[in-house]
Every structure is written in C-alpha cells, then in structure tokens.
Amino acid sequence: MSETPRPDGVSNFTFSNFSFGSPSMAAPQPAEDIVDIGLMDPQYNEKHDFPSNEIKTSKYNIITFLPLNLIEQFRRVSNVFFLCVAVIGLIPGASPFSPLSNIMPLVFVLTVAAVKSGYEDWKRHQADAKANAIPCLVFRGGEWKTVKSLDVEVGDFMRVRNGDELRADGLLLSSTNEDGLAYIETSNLDGETSLKTRRAMPSTQARFSMADFDDTMKENRPVVLFAQQPSANLASWKGLLTFGSESVGLGIPQFLPRGSSLRNVEEALVAVVYAGVDTKMFLNLKQKPSKMSHLDRITNRLIGIIFALNQTIIITLCAASVVWADAKKADGSRGDWHLQPFFELDAARGGGAYIFFWNYLAYFVLLSFMVPISLFVALEFVKACQAVQMAWDHRMSKFDEHSKTWRFCRPKTSDLNEQLSQVRFIFTDKTGTLTENRMNLQQLVSHKIMHSEATDPGALADILRRRKRAGPFEDRMHGLMLALAACHSIVAFKNESAENGVAYDGPSPDEVALVRSASRNLYALVSRTSLKIDVSILGQLHSFSILAELEFTPERKRMSMLLRLEDGRAVLLSKGADSAMLPRRDMTDPLNTEMKRDLEQELEAMSLQGLRTLVFGFRFLSENEVTEWTTLFFKASCSMNDRNAELERAYDAIERGYCLLGASGVEDKLQDAVPATLKFFGAAGVTVWMLTGDKRETAVTIAATSGLIDMTKHEVLHLDVAHMIETDADEEEMWLQLKPDLEKAHEAASNAPGTIVPVVDGVTLGTILTHDPELFTSLGLNCAAAVCCRLTPLQKAECVRLFQAATNMTVLSIGDGANDVSMIQEARVGIGIMGLEGSQAELASDYAIPQFSHLKPLLALHGRYSWYRNSTKIQYSFYKNITLATALFLYTFFSGFSGQTLYDSWLLSLFNTFFTIWIPLSVGMFDRDIEAGAALDEPALYTPLRKEQLHFNPSRVGEWAFDILAHGGATFFATYWMMERDDMSWRSGSLTHHSTASFCVLLTAICGTGVFTIQRWDGIQLGSALLSVLSIPMFVFIYSAFRRVEETTALASVAQEVFASATTYLWMSAMLFVAFTGTTAVRKFIARNELPTEALRIAARWRQRIR
C-alpha cells in the first residue's frame, strides 16, 4: 500500500460523540492511552518509533557482562565490605596479609556468582536466537514474503496457517471460515489447553477476505487502527479500525496474542498490532513481587549486629594500641622487633593518631573474618539444590490425563524454601484447588419438575417428548434445556470418538458439563459460528441467529446470549448466580413468584449437597428494544476510554425483567486426600481460610465435606448482612446490625480458641473491613477455620493483606485460576495449583503443585528440612568465622595491639573457600533432623518450627556462642601454652610452626563441630567430613613444599615438624573432645527442658510405632 492519508475529520472526533457505523465517522485523536497504527503503511508509523519484533530476554552481552554483573553483585553490602578489605590490602604496610591473599576470597565469590549468572544468560541468548529466527509470512512489496520473526513490523499483514504460533500480537481481520471464525490455544501464555474462540468482525471479514485479498490491496484505501497502549492483561484489549468513512469497534474476540497457536482453521489474515517488548507475552515476563524469607531477615540483622560489634572491637583495639604505645614510650621501651615500624611512624609523624589510623586499617582486614564471605553464595547454591529436590519428589507428582504426562512440583523461586515451615494462615480457593474442577451435572430443576442427571442420565429426554409445547419457551423445562444448549461460550467440533460424534470445548468446565448434559437429553449443540448457533432439539435441527453475546464478568456474575428465533422473535437467554438472577426477575409475573419460592428451596437443598448452582432466565424483546439496545451496545463496544464501564451499563439495561426457567446443580468432586491434608494442618496449628465466589450454603457444605469444619467439634457462626441490600439499607445500618454479631463471635472465639468457624459473605466482609478490621483479625487469630463466600478477586487479596499486615505472621495463599492471582502475589508465600483454569495462578506463584494434598509434603517436609538446613548452615558459618576471629582477637593482647596476624595469610584466605566449605554445603543440601515419615505423620512436629523458631532461636544461638568462646579460646591458649613451654625464641621461626599447628588444631575443632552437628549420615555427608578433615594436612604439606621450592624459610619445613609432633595430635584430639562436649553434651543439657525435646520425643514414639 502507498502512504496512508489521514482520514477526513480527524481533529473533530471525540469518543463521546461516536456513533457506530456513522458515515461521517472520523478517526479519534490519539490520546496518551491510545496509539494509532497505519496498516501496511510504514511511513505513517515512523512517527511512533515502534519497537522491533526482536525478543531479547538476555541481560548481558560480551562487552557489558563484566561491568553489569559486578554492579549487580556489589549491590550486596557484604561484597562491598570485602571490597574495602581488598583495597586496604593493596595499601603498603596497611594489611597484615599479602595483597593477593586479601583479594583471592573476594575474587572466588564474585567468580562463582558470575559463572552462575553467565550460564543462565547464555541459555537465554540461545532461546532468544531460536525465537527470533522463526519464519513468518508477511505481505511486502505487493507479494507475500517469508521473513524472520524479528523482522516483522507493527502494521504488517501476516498469513497464519493452522497450527502456526503467532509471532506478534495481532488483530484477526479474516479467516478461511466463511463467518470469520478461528480458534486459538493459549497454553504457552496461561496454560489453558481448551480452545478459545476468535471471530473477525463481519466488515473486516468481507473487506479482507483471503480469496479477494490481492484485489483489496490494489484499492489502496487508508486503513488506520486505534488501539490501547500495550498492556500485560491477557483478558483485556480494545481497538477501533477505520477505513475511509467506515469504522468498527474491536475487542478481545478479535485479538490474537503472541505465543498463541491457530487451530481448526486453514488460514487467517492478521494485522500486527504490537511487536517485541510491547506484546502481552513479553509484558507478562516481568518479575513477580520481591519477597524475603524470615530467615533472610534474621541473617541480615545478624550481619548488621556483627558488623557493629566488629567496628566496636576495632576501635577499642586501636585505642588500646595507642595507650600501649604511649606506655612503652614513657618507660623508654621500643617494644619488640615486629613493633618497630609503628614506633618509627609515631616518631616521624609526631603523634598516636597515626598509629590509631594504621591499626584501624590493619584490624579492619584482620577481623573481617567475623563476616563469612562465602555465606550468601553458598546459601544460594544449597537453596537451589533444595528446589531441585522438591521438583524431584515423587510425593508431589500426579499423572495428567489430558496431556498424558506426569506433573511434578515446580519451584519458581528458592528464596522462600525455609519460609514454608513458618506458615500460620492458609488462604485457599475452593473450585479447582480443594475440588477437581471436573464438573458433572447432577440436578435440573424447573417448574414442577426435578431431574437427577446423576441417577438417570439422559432420562429427561423422554419427559420432554411427552410434554406438549407450542414453542421453546411456552414450557419452562423446554426453555431451560434450550438455555443449556445455546447460552454459553462453548466451541463444538466433530470428533468421532466423542459422544454423538461432537466434542465440546470452552474456557469454563461448568459450561462444558451443562452442554454435554443437554446433548444427552436431546438438546444437542451441533455447531456454532459468529452469526448463528445450530441446536438439535429432539432430533430436529434448529438454527438461531446470534445478535449479541454478553460475556460473563465476575462483577455481574452472569452471562447472556441475545438470539433471534426461527419465528423472528428476539430472545435474551441468561444464566448466573441466584443472587444475580432472582432479584432481576419480572416481579409482575405470578408464575415467577411461585417459581422463585420453589427455586430458593431447591437451590438451598442443592447447595447443602455441595453443588454449584446456576439460575436460568429469559425475556423477549421487541424490535424497537433490539434496535435501541444494539445501538447502545455497539457504541459501548467502540469506546476506547471507558469501554468496560459502558458495556456494564449496556448489559444492565437489558439484563432485567426475566422470566425464570429453572436452575442447575453441578458437582465438583473433592481432590484426593484433601480432608486428611486439612486435618493435618488444623492439628499443626495452621488456620485455614476458604475463600470462594460460591454461595454460602455451597461453601459451608464443601467446608464440612472436606473436613475444614468438624460439626462435632466446631460451632459455625454466620455473619450475614447481605440480605439487607434488598431493603436498600446503607452501610451504616448494616454495620449497626453486624457489630453485635461480630463482637459475640469474637468473644466466643476468645473464650474457647479453636472451636469457632465464622462464615462471612462478600458484602459482610466489605462492611467489616470498612469499620473494624482489627476486631475481625483478632477473631481470625482464635478461630478454628473460616469460610468466606461470594468474594471478588479483590476481596480475596484484601483479606490476605489484612492478616499479613496485622499479625506479621506468614500467610500462604493457594489457588488455581486467574481470579486467585492477586491473593497469591499478596501473600508472603504464593502457591499455584496446576489446574484446568490455565496457569495464570501458576505463573504468579512462588511454588506450583499438581494438587492441594501436595501442600503437606511441601510445607511439613521440604519446608522443615529447608529451615533446619539453612538455619544450621547460617549459624555454622557464623560460628566458624567468629571462632577464627576470636583467636585472632586474643592474639592482639599478646602482640602489643599491633594488628599482626597469628596465622599465615594463605591459610586464612582458603579458610572460607576451601577448608570449611564442605560440611555446611552437605548439611545445607542433605541433612535431616527427623525422618520424612515422622514429619508427614505427626502434625505436632510442624508447630515448633513456627512457634519456637526451632533450630534458630535465642537458646540455639547461645549454644553456638558458647562453642565460639570455648573453641576459639581453647585453641589460642593451647597455642600460647605450647609456645611458653618451648625454649626456642620467636625469632627462630617457632612462631610460624606454632601458629600453623594452632591453625590445624582450630580447624580440627571447627570441622569436628560440623561433624557432630550432622544428624543423618550418608555417603555424601561422610565424604564432606573426610574432605574437610584431610584438606588440612594435605594443603599444609603442599604449601610447605611450594615454599621450599621458592626457598622461603618461613614455611619450608613446617609440615614435617608439625605433623611429626605427637603434641599436634594430642591437641587435635583434645579439641575434638572439646567440640564434642560443646556441641553434644552441653547442648543436650541446655535443651533438656525445652519444647524441641518434646518434638524429639514425638519422633521417637513415631519410630517405635512403625517398627
């Protein structure tokens, strides 16, 4: 196409005065939230600078990798701290260690992290290259050309064939189906394998017909698309297409997102709307909200405390060094030989400030060992291994009948592994989370008729044959069956293996169940296009024209179809929740009054059986009403500013005055092991809240069936003011009636904790949250469980937010659908169920599991082990480093506060990165505090993890502090005692020999403590222990030999002398004894009267029981 001139009258147009299909229609002036796109007109689009279609998820390239990765790593305060240590080490005379030994530990940590980041980014580069090279067929230069997907541009026309994946967000202009119908599968985006219907608008289907496409292109008429700005919302899009004086409103039914695949249509013509980073698929790649575990917060606080202690000690030692130097000058002593540089400095500069300054630098380096440099890198590694163990756990696997594959747990993050052990509240969805989301119609109720599809499937057909009718709505049961067969969003397609040779698919399992049941009773959906729907009624084919489809919205809780019957009349078929349908009935119809009374009784009975209920209704419209409403509907459909609000107003104008047809009850069975799982968490002190959009009776019944409510132990208290809406009561009046009931429930829960189960609906919850959320939170802390019904997705998130903020306890949210995303992201831990409603919940979650019962092994087993392993690893890391720093600190009192080191600098540089890294790694990955069976069978073992912070509480930290003082002090004073008994002078090299022996003894104590910390031994644990112990003499021998080759006398023969001495082995054995008594005997004595001992008793009883 040539350059597109701007349509006439552009500047005069506003959306408020738009009239659909008006010949004088003018294109809108693009607002900030609207973008205008010239189709097949690159020159028109130059002003926008649209992004290319190249997908780039990688973070680095060869040039930027090093600087960007270093910037990211130095955002961590600990890395900045050790960078300062390395810089000080480069200052001549400032550090007691060699510069290289100062730098190497930091280089090691940065390198490990960089290799990990680089490997992950390399995989992203590979995925990007593959995605950008996929061939696409676009119209360029008057012909169809194949280009790489990265070369597709906004405004291009693409030909997409059956089975092809869309490589850009596009607008469906036409398809090879006569009515412009097409189907897409969006499993790559939201996990839904059911097909979604897309329909080209009749005007674009006619204008851009695939058969006449070449002739259309020759007309050279300007085509401009006005679309909303790019958005990540997969369920929302709106646009307006103008060609000449004609225009048409567009929405999600015409939108094809990148990543979706075309199905059941030979070809489709698609106009590219968004490309590259503007596509919905790319916008949904954004990171989830950042979450930090409780253990990480504790660790950060500990590091802050240690750093403050570190600085306090350094300043104190620096002051002591100045005092000591002044004292030496006063008595005329120059100190020992190793102190001469400081006295010379003091004499040259004329004051003790310089001694203070240089000693500060020296102590900053020397006592930097108080902070474990490898802690965070090693912790990330072990958490990643823990996540792999979760993914491989067969306890959390399930065979998927649809895809014929096994599904396993999918950790989306490893940062919250240990937080799984700290859960106090579980907020769970019902449908698809506690239940299977596999619907089966159980009952149908109409005027004077009740049919059980569960006991007599298909038997209703005989009743329908016997009932005389003049038309489909003269008999309410016939009308109900037509509503089942025609009021939905289901796709019908031929499938020889399916019942009656027709298969049904759609976004809602409820609708599929209703259509299948209608088919069994001879009201069979045969086919559906964008213009008509064909239904076989008692063996005779009938066709109905589709005038409009009023899609389901959670706010309305209903959906409708406006059809034209074969006799020319227009009828609106509607279905929805009873609360959304019954108040909108025709109040003047006596039959409606009678049916409402009967339906309310039957609806309550079905709800008490746990069935999901829907109410059906219809109304006839005159031609004037159809014309007026259609104009209103099309105007709302074309709105670019407030389309949703205007559509709601249009829906409200017609969805009223119903004649009631009847109701349906659909069963959704509980998932396997749900009652046992809920019972476990209840016994573990975890309060479970069920949040659902179902009606009150259904929610309570499912809660009782699932075991959330025990009618023999729990008292159910209903908090309900929703009925006051019918009397036009305002919120203040509702609160005045609700407040006494809420206070009564709170008092009952406080007097008898764990016995009350409040049941609250959405209206009541909104009133409570407005007036007294604190009282409601207090009630929630003492209740046994809770049920919230008739909730919107926003209310679910508000409830989670309230308890998380008010209690500061760990809240876990779990759900399977898009309506659960908000509460999953709001919770400290979000769990997604791999369900039938797609994977939006899974994508938003921190962990995804195949079914609800897998929550027990995830929390009680993997959460427990992660808490134990990570807390033990963190405490051991601090222990080993501060123990070393303790020995170095004590040495300062015997070195004239000079900042000199007791140990060789290379031995110290390998302390964190080699000698002491193996045991904490193996503990963090494989150690267990109790057997897996005990953790899964005994809920009482879960409670101390949260209540007592088992394995990481003040008592446990005190035990480690005792070990630090005992081992650090014993090692140093043992070395001092040996040196005092030795008749060799310090100048002869005996300090090097004794310090090396002291280092080996110290490592023996540290490694021995690590060995005695291990609670479950296996081959890997044994290997790590042996490697830690043997690495000491192995390295010292190699290092000593290396020094001999260099002709350096300091450590030339130290290995032979140290390990040839019986004294060395004596003190090593002594330190192993000290480590044993400190780690085992003393700790057991301290812990004898604490709750963790009770947990150990429970585990012991479990072992005896299973023998």
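Yeah, the Cβs are placed from backbone N, Cα and C, and that goes for glycine too.
Looking at the stretches 103-119, 783-799, the one that TrEMBL records under the feature transmembrane segment is 103-119. TrEMBL lists Asp429, Lys430, Thr431, Glu511, Lys575, Arg612, Thr692, Gly693, Asp694, Arg790, Lys796, Asn819, Asp820 as ATP-binding residues, and of the candidates Phe399, Phe552, Phe634 the one it assigns to that same site is Phe552. Residues 59-60, 65-66, 69-70, 72-73, 79, 82-83, 85-86, 89-90, 373-374, 377, 380, 909, 912-913 of the same chain lie 6+ residues outside the transmembrane segment (103-119) yet bring a C-beta within less than 8 angstroms of a C-beta in it. Between the listed recorded positions, namely Asp429, Asp816, Asp820, the fewest other CB atoms within 10 angstroms of a CB are found at Asp429. Summarised by DSSP class, the composition of the domain 'P-type ATPase A' (136-194) is 7 helix, 29 strand, 23 coil. A coil conformation is recorded for Asp816 (Mg(2+) binding site) in the three-state DSSP classification, outside any helix or strand. The helix, strand and coil residue counts that DSSP assigns across the domain 'P-type ATPase N-terminal' (39-103) are 34 helix, 0 strand, 31 coil. Counting other C-beta atoms within 10 Å of each candidate's C-beta, the binding-site residues Arg612, Arg790 are led by Arg612. Contact count against the transmembrane segment (960-979) (Cβ pairs under 8 Å) is highest for 991-1012, out of 80-97, 302-325, 360-382, 991-1012. Within 10 Å of Asp816 (Mg(2+) binding site), counting CA to CA, the binding-site residues Phe552, Arg612, Gly693, Arg790 contribute nothing. Across the candidate stretches 302-325, 360-382, 906-926, 991-1012, 1024-1042, the maximum count of CB pairs under 8 A to the transmembrane segment (80-97) is reached by 360-382. It is Phe552, among the binding-site residues Phe552, Gly693, Asn819, whose Cβ has the fewest other Cβ atoms within 10 Å in the structure shown. The binding-site residues close to Thr431 (Mg(2+) binding site), defined as a CA atom within 10 A of its CA, are Gly693 out of Phe552, Gly693, Arg790, Asn819.
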